[in-house]
Amino acid sequence: MTISNTRDITPELIEAHGLKPDEYQRILDLIGREPTFTELGIFSAMWNEHCSYKSSKKWLRTLPTTGPRVIQGPGENAGVVDIGDGDCVVFKMESHNHPSYIEPYQGAATGVGGILRDVFTMGARPVAAMNALRFGEPDHPKTRHLVSGVVSGVGGYGNAFGVPTVGGEVNFDKRYNGNILVNAFAAGLAKHDGIFLSEAKGVGLPVVYLGAKTGRDGVGGATMASAEFDESIEEKRPTVQVGDPFTEKCLLEACLELMASGAVIAIQDMGAAGLTCSAVEMGAKGDLGIELILDHVPVREENMTAYEMMLSESQERMLMVLKPEKEAEAQAIFRKWGLDFAIVGKTTDDLRFRVIHQGEEVANLPIKDLGDEAPEYDRPWMEPGKHAPLPASNVPQVEDYSTALLKLIGSPDLSSRRWVYEQYDTLIQGNSLQVPGGDAGVIRVEGHDTKALAFSSDVTPRYCEADPFEGGKQAVAECWRNITATGAEPLASTDNLNFGNPEKPEIMGQLVKAIEGIGEACRALDFPIVSGNVSLYNETNGQAILPTPTIAGVGLIPDWTQTAKIGGMQDGDTLVLLGGDGTHLGQSIYLRDLFDRADGPAPTVDLALEKRNGEFVRSAIRNGQVTACHDLSDGGLAIAVAEMAIKSGKGAELDAGDGLPHAVLFGEDQARYVVAATAEMAKLIALNAEGAGVPFRVLGTVGGDSLKIGNVVDVSVADLTDAFEGWFPGFMSGEPVSDN
């Protein structure tokens, strides 16, 4: 057959496909001729950042990805971790940033759909979801619209699909004005012997298309996700996919039923770059070629070209290599669920990716060079600058700490996210033990009497901007700490690395140092990275986002009756600070929100201290010594105890300590927790802390209806609650954004 070429391949067309001149020359050298238009689209999709990780691959290899519980690390649709009794948890986090800015509802909804597919493609039934959302400053004209659309999209898809949203984050910063971030996490449960991978095995086997029909939605989506935005952003709306959670629910049930039948050899969901990426990955991983016949692809639009079919990112679709003798059984299962089932090709032994449309060969390419041997860059990078030290004595104090506390707890970044999570179904499936609003979400493991899992997602972007290395460490440490604060043992993590343009050495430097920090923390805390995603080119008109390496993690609770949450304080309990008093105000919320300053270094993360203090806290929780626990992060001690008071509906009378009041109250030193315990248990905790070398201070007693800290803070729990709960609903109702 001759290869037809439907369009002239011009320099403008090459540039429009996101390919650099040297990359196009590499294509010419590789195939010895000019590519067809369809082939150009295939190379564009497979060689962009979104699919190939060409700028980050070198550095991602340095991350720790193995451990005694790790069954499957990076490289598959999701990571797999052993939780005992033949069970495993399957999880991943992934970005849907660019589509969510252009079309917030569908962008966020299909982000949720995509991550759920990644999990059930592995053979796991999804049991939990989270989402980490970053928006522009509240008074930016688009922020309210984007928040509303994204939250509705996340809830609309997750609720209809039937998975509980158990946690997440919402932040606001002007650096996200032109590029919001939507990072979606999902976890599922499977049996050890029920894990399915994407590596095709065997020659001449049928390649089967499953799920919804193919349309033109999302054509070029992966390429768009690898580019900066500019003034033409609205023109990119057609590249956003449209999701249908009910079809996805049917796809889940059909896939799990088919997997149980023993028919599946390999399976890959169609995400970024659709049919192209899924077929190439399956073949390249198995050292096989793939031949596709596009005339057999189920379509929902007329006159679709080969280019459009290969690059469509229509949702709720899978590609599978099937045992031939199981074909009729497989078809019957998918027909029963009202889904398309079509044999669209076969595996071959020639390592070629061949695409046939209307009797013509429109693509014939070396499959390994598209897949696991795609280009890889060692981009130049600059060491990020360091901030000068900032002693607390050089940071101004406020006249009224009660007013300061009310302002901070009612601020955009620290106020309650109830407005967000009440739009999500947090209880569906009936296993949720701790819902959003605490340190981590907790769910029971179905079919097990006592076992539970904890989930958290964390990063502090302003720390990463000030010091990407310490910021990367801190993201891991805080995720580990939040999981620990429930009494769970952190098992493993997934990363979602959101950065600007890697072609700028200063941005590449942020990425390199953040990965270095993440790796160091994961090694020290035995918290390996088992899956992840990189999202680069998050810039608009040259303005990059804050570096945002989101870390999500999973922890195991052997007995869910021995857990802690932030709202468990009882009258008469003693509060104990574990980890020492605050001294560090550099890059703090106190400095930023009260004085509009972003100076000083990010707090240093002492990983040995993190591990020692965290293991001590976990032991106390599991031994039944603790009635409530909260880790310290943004806003320090004052915010932590205020949140505990609000969630418990109880006041407390606490000692202010001996340090500078603003540092003790609002310092953001790491590796710290506040625990509540009965008076007797608090004595035991203090005694044990002394023996373990864990710094501690007995803060005071729970009771009354006000939070009193020495003679510097005296605020009623009712006023704290009003401030905490009031900001978000007020903002979304259209009230002017105030500084309180």
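In case you wondered, yes, glycine gets a Cβ from its N, Cα and C as well.
Swiss-Prot annotations:
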- H50: active site (ACT_SITE)
- Y53, K92, D495, G532: ATP binding site (BINDING)
- S95, H96, N97, H98, R117, Q241, E313, S314, Q315, S535: substrate binding site (BINDING)
- H96: active site, proton acceptor (ACT_SITE)
- D118, D269: Mg(2+) 2 binding site (BINDING)
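Features as recorded by Swiss-Prot, highlighted on the structure.
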| residue | record | DSSP (3 states) |
| --- | --- | --- |
| H50 | active site | helix |
| K92 | ATP binding site | strand |
| R117 | substrate binding site | helix |
| D269 | Mg(2+) 2 binding site | strand |
| E313 | substrate binding site | coil |
| G532 | ATP binding site | strand |
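On the backbone, the CA of G532 (ATP binding site) and the CA of S95 (substrate binding site) stand 9 Å apart. Over all protein chains present, the Cβ of N97 (substrate binding site) has 24 other Cβ atoms lying within 10 Å.
What surrounds the ATP site, by Cβ distance within 8 Å of the Cβ centroid and not counting Y53, K92, D495, G532, is the set L60, P74, M93, E94, T494, N496, L497, I529, S531, N533, V534 from the same chain. Secondary structure at N97 (substrate binding site), taken from DSSP and collapsed to helix, strand or coil, is helix.
In this structure, the C-alpha atom of E313 (substrate binding site) lies 11 angstrom from that of D269 (Mg(2+) 2 binding site). Using a 10 Å radius centred on the Cβ of E313 (substrate binding site) and all shown protein chains, the other Cβ atoms total 32.
K92 (ATP binding site): 27 other CB atoms within 10 A of its CB, across all protein chains. Taking the C-alpha atom of R117 (substrate binding site) as reference, the shortest distance to any of the recorded positions Y53, K92, H96, D495 belongs to K92. When the alpha carbons of D118 (Mg(2+) 2 binding site) and K92 (ATP binding site) are compared, the span between them is 8 angstrom. Comparing the Cα of N97 (substrate binding site) with the Cα of every entry in H50, Y53, D269, D495, these being the recorded positions, the smallest distance points to H50.
Between the alpha carbons (Cα) of D269 (Mg(2+) 2 binding site) and H50 (active site) lies a span of roughly 15 Å. Least packed by the Cβ count within 10 Å, out of the binding-site residues D118, D495, is D118.
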